[in-house]
Amino acid sequence: MISKKLIIELLKQLISFKSVTPNDNGAIDFITNLLVKQGFKVYVKEFGQEYKVKNLYGYFGNGQPNICFAGHIDVVPAGFIEQWKYPPFCATQYKDKIYGRGVVDMKGAISAMLSAVFCFIDNNNDFNGTISFLITADEEGEALFGTKKMLEWINKQGHKIDFTILGEPTCTDKIGDTIKIGRRGSINFDLKVFGKQGHVAYPHLAINPNHLIVKILNSFIGSKIDEGNEFFAPSNLEVVSIDTNNNITNIIPEIAQSKFNIRFNDIHTNEQLLEIVKKNIEQFTTNYDLQSSCRSRPFLAKMSPYIFSFKELVHKVTKIKPEFSTSGGTSDAYFFKDYSPIVEFGLLNTMAHKINEYCLINDLQTLCRVYYNALCLFLMSNSKFRTN
């Protein structure tokens, strides 16, 4: 039986590390010690210039397939501490819930992964293949010195990963309802529209950039970028700010500025979207400045038999038929696309990053069973599924 006590105890210990991105605050060393005691070979690597980020890669066993559990130990800030029912970095178990910053995103999944792996190794000494972990402390921030760098290092060492399970919170209503197999891209825009300053009583002597930028933004909002496809919803533009830096009520300002974001599917590249945006703006003005930055591009995982087998496994363990999805924000899954097939599967995402973040203990146990049975499925020739 997979130990409920172990899952909860590991989660409580992980929450106690105030690992606000990109500082792991000792969490990487804690996980390293756990893995070493279990017989893993573990490498801890630090990357970065102005600051160093700790990452670990550990493996147990040998040969193929290499089933990799991946995740991040860093969390977002707790926000207003006084609004929390319980201290955010001191996990509190109350009735059927555990509260704490990072419980959902994603220390709960890491505790479930560790518990599942330790139980599997203790009960199966004749499995074929390798079990590995890739854990970073740089996902919630810029993600420059975490998974991306670690995968490059792993590849240079000659390690091949055959299938990756990333424990991001993917489910919406019940554990088992959603498996992420890709992600949309994200591109940010900073638009400045230039007009001509003047007195509000003499608009014919000025050019109002506010009127121009409103027309531009309305044209974006009122039209579809695309219709989406089999795996992706339509690309979506959201205006996040509009500003003139003008508090004087009788002045038409010279500059209006807006920031907006497009979450986009694999129908477009970020370069194509930039041209679409420019063309739209130039229907109204040519006197503008546009800056853009693309943090991540859309991707769809390699649709290997591992992914379809995992989907069937989730259905069998949870009794819920999961849907493949590419919705939500960006994640480190993008970095795996050139190295292995990958699924993202974890806890419910409804409480991620929120005040009083919590998860249900039953959900942790269910998630742990899925991870355990994935190892049985992929590493044991005569696997038997656990339901407890």
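Placed from the backbone N, Cα and C atoms, the Cβ positions cover glycine too.
Swiss-Prot names Glu140, His353 for binding Zn(2+) 2. Of Asp105, Asp162, Asp173, the residue it gives for the same site is Asp105.
Glu168 is the residue from Glu9, Glu152, Glu168 that Swiss-Prot records in the Zn(2+) 1 site together with His72, Asp105. For Glu139 (active site, proton acceptor), other Cβ atoms within 10 Å of its Cβ number 27.
If you count neighbouring Cβ atoms within 10 Å for each of the binding-site residues His72, His353, the highest count belongs to His72. The recorded positions in question are Asp74, Glu168, and the one with the fewest Cβ neighbours inside 10 Å is Glu168. Taking the mean position of the Cβ atoms of Asp105, Glu140, His353 as the Zn(2+) 2 site, the remaining residues of that chain whose Cβ falls within 8 Å of it are Val75, Val76, Gly102, Val104, Met106, Ala352.
His72 (Zn(2+) 1 binding site) sits 6 Å from Glu139 (active site, proton acceptor), taking the C-alpha atoms as the reference points. Ranking the recorded positions Asp74, Asp105, Glu168, His353 by Cα distance from Glu139 (active site, proton acceptor) puts Asp74 first.
Shown are the binding-site residues Asp105, Glu140; of these, the residue with the fewest other Cβ atoms within 10 Å is Glu140.
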